[in-house]
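*Asks:* Dropping a structure here in structure tokens format, bear with me for questions.
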């Protein structure tokens, strides 16, 4: 005869009256443990000096030779940042904690001293102070350190202070510095992101004058943003103007432009622009056409894709394997099998043999559409043509076999993989383990689990969840509980639903103490139990013959608003 629930060793720290916390676990309102709180103190750093009236806040006043003034200055500056001793003019490199709003002592510093301070500001992340100091140095005709300027510019861009960044850039360029292409592209990208396309174009125009010419990223960024703002004609004119100004006819940028025109304005307009750009020295290649075919096929515009292929052929070009694979992928995705056969026929006539990628595309499309027999025919065709299948091929086929409930056939293929030199990967094991677990064949599922560990393939959350659900499905709740503990030992994330299935299964089989252990593990991992889990626990306690304890537990949960009064319990 089981004793009182409160006497169980599994319920230590599970006091229904005092609700003491266990292992310092935090719980919410739906938990039967008390929520503990930790407080932490905070400190204030830095000082703020204010002047009266309309004067701006100042960092420090100019120091006279008076010793008393020296002491007052030391007290006003944290850490003695800009101490000015009576006998020397040594400047400390520690930045001030207050914000710089005036030139302060920087106006009297040498170029080297200000650059040291500038570098210190930058290393401490004080971007605004650094940019203000650069402004002071420019008025004094001092040259700021260019590497530090670049870091300040990039930092200002990252925090969205683009105007400040542009001012620092201007000072750097006017002082003889040449920003690198990364810095310029960051600025152009930041301006485009804020919709300031005109300003981005101005920066692009200035780049050549500063000694850093724009690259494909600069042009692509502006073109994409123009299309995002529906400025289609402006984008076409922009690229044409750049070509006329001597910009190299970058094929990547040209391809991006034509693809954007095709996507937003249609294939016919894209072909017009393509022809127009040829007059400016920009000529398409097979990559350009393949990009257009891919864009139109993704949108299901097969007539436009055909139109592009006709244009491709009219220029004396031949479709390559990428062209055909792109077409096949889109046709398979939409189930146009007659067209697939036609494309394959054209490939055979033009000596464009199907590659491994081609076959994988075909098998994936056929398997997704449930055409397993035809997929197997293509697999046989691959082998007969000496096109060796890879693990992607087999994973595609195994997934479909398992989905159709053909686990034995899937296992036969799996067992042959190592023999043909194709090593299974994580997804291979997960596919088979999940299929076997769903059929309740836990012996074979565990055999695969052991094998994958032996071969150095680390199980993931999906592996464990499949096994736990499989054990619960066949009422092997003790094994499911042990698998949960294994997940906990390996620091694997356990879903609330997984905990719930195990707890309900344990309670259903009268293993209340184990259910409470799992609940304790659940709470300790900061995973909040739900109403269903608590209701199952109450029913489990009642089924174990402890009706009085079950009633007390139910009432306590209702009192804590974990359970509703109308929640059904057996």
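Including glycine, each Cβ sits where the backbone N, Cα and C put it.
This is the feature table in TrEMBL:
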type	residues	note
REPEAT	145-179	repeat 'PPR'
REPEAT	180-214	repeat 'PPR'
REPEAT	215-249	repeat 'PPR'
REPEAT	250-284	repeat 'PPR'
REPEAT	285-319	repeat 'PPR'
REPEAT	320-354	repeat 'PPR'
REPEAT	355-389	repeat 'PPR'
REPEAT	390-424	repeat 'PPR'
REPEAT	425-459	repeat 'PPR'
REPEAT	460-494	repeat 'PPR'
REPEAT	495-529	repeat 'PPR'
*Asks:* Do any residues, 6 or more residues outside the repeat 'PPR' (250-284), come within under 8 Å Cβ-to-Cβ of it, and if so which ones?
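*Replies:* For the repeat 'PPR' (250-284), the sequence-distant neighbours (Cβ-Cβ under 8 Å, at least 6 residues beyond its ends) are 216, 219-220, 223-224, 227, 230, 232, 235-236, 239-240, 243-244, 291-292, 295-296, 299, 301, 304-305, 307-308, 311, 315.
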*Asks:* From the DSSP assignment alone, can you count helix, strand and coil residues within the repeat 'PPR' (250-284)?
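*Replies:* Summed by class, the stretch gives 27 helix, 0 strand, 8 coil.
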*Asks:* Quickly jot the same-chain residues contacting the repeat 'PPR' (180-214) by Cβ under 8 Å, restricted to those at least six beyond its ends, or write none.
*Replies:* 150, 153-154, 157, 160, 162, 165-166, 169, 173, 221-222, 224-226, 229, 231, 238, 247
*Asks:* What are the DSSP helix/strand/coil residue counts across the repeat 'PPR' (285-319)?
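*Replies:* Its residues divide into 26 helix, 0 strand, 9 coil.
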*Asks:* Averaged across the repeat 'PPR' (285-319), what pLDDT does the model get? Just tell me the whole number, please.
*Replies:* 87
*Asks:* Work out, from DSSP, the number of helix, strand and coil residues along the repeat 'PPR' (495-529).
*Replies:* 26 helix, 0 strand, 9 coil
*Asks:* Per DSSP, what is the residue count of the repeat 'PPR' (180-214) in each of helix, strand and coil?
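*Replies:* Residue counts in helix, strand and coil order: 27 helix, 0 strand, 8 coil.
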*Asks:* Which residues of the same chain, at least 6 past either end of the repeat 'PPR' (460-494), have a Cβ under 8 Å from a Cβ in it?
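*Replies:* Beyond its ends, the repeat 'PPR' (460-494) has Cβ neighbours at 426, 429-430, 433-434, 436-438, 440, 442, 445-446, 449, 452, 501-502, 505-506, 508-509, 511, 514, 517-518, 521-522, 525, 527.
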*Asks:* The repeat 'PPR' (320-354): which same-chain residues, six or more beyond its ends, come within Cβ distance under 8 Å?
*Replies:* 286, 289-290, 293-294, 297-298, 300, 302, 305, 309, 312, 361-362, 364-366, 369, 385, 387
